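Asks: Checked TrEMBL, it gives:
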- A:302, A:385, A:402, A:443: [4Fe-4S] cluster binding site (BINDING)
- A:296-479: domain 'DNA primase large subunit C-terminal' (DOMAIN)
């Protein structure tokens with residue numbers, strides 16, 4: 001699309017000191033950018049000084065904004081809701097005043113915005129997943145800001161971009177008015193505007209016959225401008241990120257930036273995926289090795305799948321065992337019960353083999369053995385959705401991970417049908433979510449479908465707070481919520497016996 | 001001769017080395033494939049010292065193969081207008097040969113028609129084919145450059161073998177291989193980022209990318225079968241050729257006025273269609289997305305067979321509007337009177353179905369049932385008469401006008417084979433080759449005098465060869481030297497076509513040169529401003 005044709009790289013950040021021997025003593029000359037527009041296309045990297053603290057703080061602030069933006073997306077908020085929700089967040093962390101404001105902070109805000117963008121660019125250029133996610137979120141942010149921008153300032157900003165579009169003059173407009181309106185499908189209002197670009201810049205519009213073509217020039221309606229710009233922004237950014245990824249290993253760095261960047265990219269993994277002790281059902285009932293089969297109906301697909309495989313083959317591979325053991329630990333199964341459970345499940349394995357090869361791992365996961373740190377931390381925390389979604393894909397015979405991600409769409413549908421999800425609308429919704437890589441949305445869709453009636457009741461009666469109805473991002477949360485919903489009446493009346501769990 | 005039927009030059013190469021070919025033969029012919037060496041070698045072997053370097057063995061073998069084989073070979077190449085990338089001529093039409101009055105064809109079905117014999121083809125390539133102009137056209141300069149040298153050519157050999165990824169360092173080497181291999185036809189592909197002959201030396205197949213090709217269009221008469229009544233399938237007549245004329249008018253206008261292309265050449269495809277080659281630099285360098293955009297811009301989905309109509313948006317896009325204006329005169333003559341598409345009552349039923357008003361449909365049905373012999377022309381005006389008489393029950397007059405526009409578009413708007421245009425690496429039959437089914441030369445069509453083009457007046461290769469002999473006879477009084485000044489193609493009916501081509505290529509080279517002088521950057525802008 002509208003390629004910013006070779007945006008001129010303004011000044012090199014450090015002018016060449018003629019005498020190379022004097023170079024190290026020469027005072028570096030930095031090019032401080034001035035920000036005339038509120039928006040920024042981020043074509044030029046920052047070239048001024050920045051302290052390490054600022055470098056990190058600004059990055060974290062931007063990260064918060066992006067994380068909230070992503071959360072809006074996960075919660076399926078409409079654009080209007082997102083804008084509403086994001087306004088205070090943006091004001092708090094990444095304020096950008098318009099040219100109208102008299103705030104003395106204006107330049108500093110813009111510098112902050114500019115620097116933090118490039119900081120995160122560095123931090124998230126490491127893997128393809130991160131790059132895509134970052135580019136997507138930044139593009140959303142850009143679009144959001146662009147829509148908030150004052151019309152006049154937006155125009156000034158657009159004009160400042162190195163793009164070859166030219167507004168259609170009045171005379172030309174009058175000459176082609178009928179054709180312009182017929183081609184771009186707009187109403188009778190006179191207050192219309194068009195701009196001209198080479199048709200090659202807008203092939204999609206040409207393909208749909210939504211522009212007027214005159215000798216290779218496309219007359220595009222201004223309403224397309226926003227999407228053209230955002231497309232262009234996204235394209236620029238993803239090429240920029242690819243470039244950064246290639247140069248990252250060669251970064252001239254003295255171990256001050258790398259930890260910060262690493263830390264930033266680590267904290268981008270998910271908005272909130274913490275495991276809390278509260279997702280155990282230990283305070284309601286005491287799960288035992290024998291009650292797992294009954295409880296399995298509340299398991300999310302990832303765990304239900306492991307359970308099913310375990311029962312069918314009497315075995316699970318290492319990562320599957322680990323994932324499942326931690327989940328069982330999370331739901332409140334004690335170590336002794338857990339060992340009993342695994343011993344029973346691996347019925348084809350002789351006792352001494354079980355003891356020598358499997359027992360230790362279970363105890364290790366519970367923090368019963370192992371190093372000091374492991375024991376003090378009471379073993380590993382149960383895996384979150386984020387963890388399951390980012391670890392390596394299972395290979396032959398392995399079953400761990402998130403099935404929404406690891407299964408082919410058709411197999412996933414079969415799997416879902418096997419666990420009792422047959423509603424066609426839900427299945428097609430899941431397929432769509434999975435196609436857009438929104439795996440945990442798919443999982444939540446299934447959850448909401450399976451607990452439709454109870455959820456409605458809870459909502460109607462106002463039994464649960466909003467936080468308890470929020471999106472599920474942890475398998476143990478899924479389980480706990482499902483368990484509570486299915487036992488609504490009993491939990492309230494405290495009528496939940498040991499054996500009653502799940503019956 | 002098993003190698004003649006081998007599907008790829010690789011296999012040929014293997015058989016060559018197996019038979020102990022003399023390697024020294026290859027050193028003086030760089031860039032020409034092994035097959036050629038083998039042929040050349042065979043030509044110089046004393047055993048087959050016949051009139052034309054050794055290839056005399058070919059027709060003999062095809063005859064000795066017996067009827068079954070040669071018929072199937074002929075069928076394979078009878079309908080080649082599809083111009084598929086891999087020449088998938090699988091859907092053969094057995095009635096093709098019989099339905100076509102093929103000039104100069106041998107009445108015996110078993111033998112090859114004369115124009116398809118390698119001997120005829122060799123003479124054609126040797127004496128008539130305008131290699132120099134073709135080279136300049138593809139090379140865009142006087143001296144060979146990558147535009148030509150890294151360009152893929154694909155040969156269809158008389159035996160049926162399809163050889164892809166041929167490329168040539170110069171026009172002469174290209175000619176030499178054509179003369180030696182006598183392809184029934186050859187196709188032109190894109191220029192690659194590396195020489196296509198070197199593709200096996202690359203580390204991975206993905207490293208060879210097409211970078212440039214003319215923007216091409218293909219209009220084929222078969223797409224018009226639902227609306228033409230005169231012929232079907234491969235057959236055409238002057239009546240239905242008008243459809244091609246109409247299509248050329250519309251597409252040409254859109255390419256010039258909307259996209260600003262200037263160097264557009266239309267070529268008769270040899271039997272029942274036409275190809276367009278757009279050589280503007282801007283067009284050549286388009287990627288697949290842009291090609292698809294242009295193709296879909298031009299394709300209009302008009303009424304479909306299932307009765308469900310794809311709506312054409314109102315107000316009409318200026319391109320559609322202009323096309324309609326161009327096509328209106330043809331609708332009266334070429335469609336209503338020539339094709340008479342709604343003469344029979346079943347076909348009239350189709351027209352009724354496309355009308356959106358029940359009251360109108362009933363009124364017309366009644367009228368046409370009582371007077372069954374009304375022509376399409378009359379039926380078309382009946383619609384308005386009935387509407388004026390107040391038969392409209394559901395829709396307004398404006399909607400009826402729109403519906404009638406839709407019908408007009410359905411019966412006149414170009415039907416492109418859009419897939420051909422969408423891919424940079426799609427191969428298309430070269431201009432000036434002989435159509436293997438008809439023997440006609442694929443000559444360029446002069447759009448300035450489009451109506452005058454008559455596909456049945458296009459010379460066949462056999463006619464052309466005769467004309468050379470006739471000219472030589474007539475001018476036997478001239479000295480050897482004087483006769484030598486006249487090139488063979490100048491003695492024949494091919495002359496106006498080659499001269500037209502030469503003029504066209506000269507224009508292309510001129511603007512290419514001008515663009516080169518001005519530098520790449522502002523070439524496009526200049527070309528545009530010159531036009532305003």
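Backbone N, Cα and C atoms are what each Cβ position is placed from, and that goes for glycine too.
What TrEMBL says about a protein is an automatic prediction, not a curated fact.
Thinking about packing and proximity, how do these listed features fit into the structure?
Replies: Other Cβ atoms within 10 Å of the Cβ of residue A:402 ([4Fe-4S] cluster binding site), summed over all protein chains shown, number 26.
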Asks: Just checking, which of A:302, A:385 (binding-site residues) has the fewest C-beta atoms within 10 Å of its C-beta?
Replies: A:385
Asks: May I ask which residues of the same chain, at least 6 positions away in sequence, place their Cβ under 8 angstroms from the Cβ of residue A:443 ([4Fe-4S] cluster binding site)?
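Replies: Listed in sequence order: A:300, A:301, A:385, A:402, A:404, A:472, A:478.
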Asks: Please state whether DSSP places residue A:402 ([4Fe-4S] cluster binding site) in a helix, a strand or coil.
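Replies: DSSP assigns residue A:402 ([4Fe-4S] cluster binding site) to coil.
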Asks: Can you see whether DSSP assigns residue A:443 ([4Fe-4S] cluster binding site) to helix, strand or coil?
Replies: helix
Asks: Please state whether DSSP places residue A:302 ([4Fe-4S] cluster binding site) in a helix, a strand or coil.
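Replies: Its secondary structure by DSSP: helix.
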Asks: If you average pLDDT over the domain 'DNA primase large subunit C-terminal' (A:296-479), what do you get?
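Replies: A mean pLDDT of 84 is what the model gives the domain 'DNA primase large subunit C-terminal' (A:296-479).
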Asks: Taking 8 Å from the centroid of the Cβ atoms of A:302, A:385, A:402, A:443 as the cut-off, which other residues in that chain fall inside it around the [4Fe-4S] cluster site?
Replies: A:300, A:301, A:388, A:389, A:403, A:404, A:405, A:439, A:440, A:475
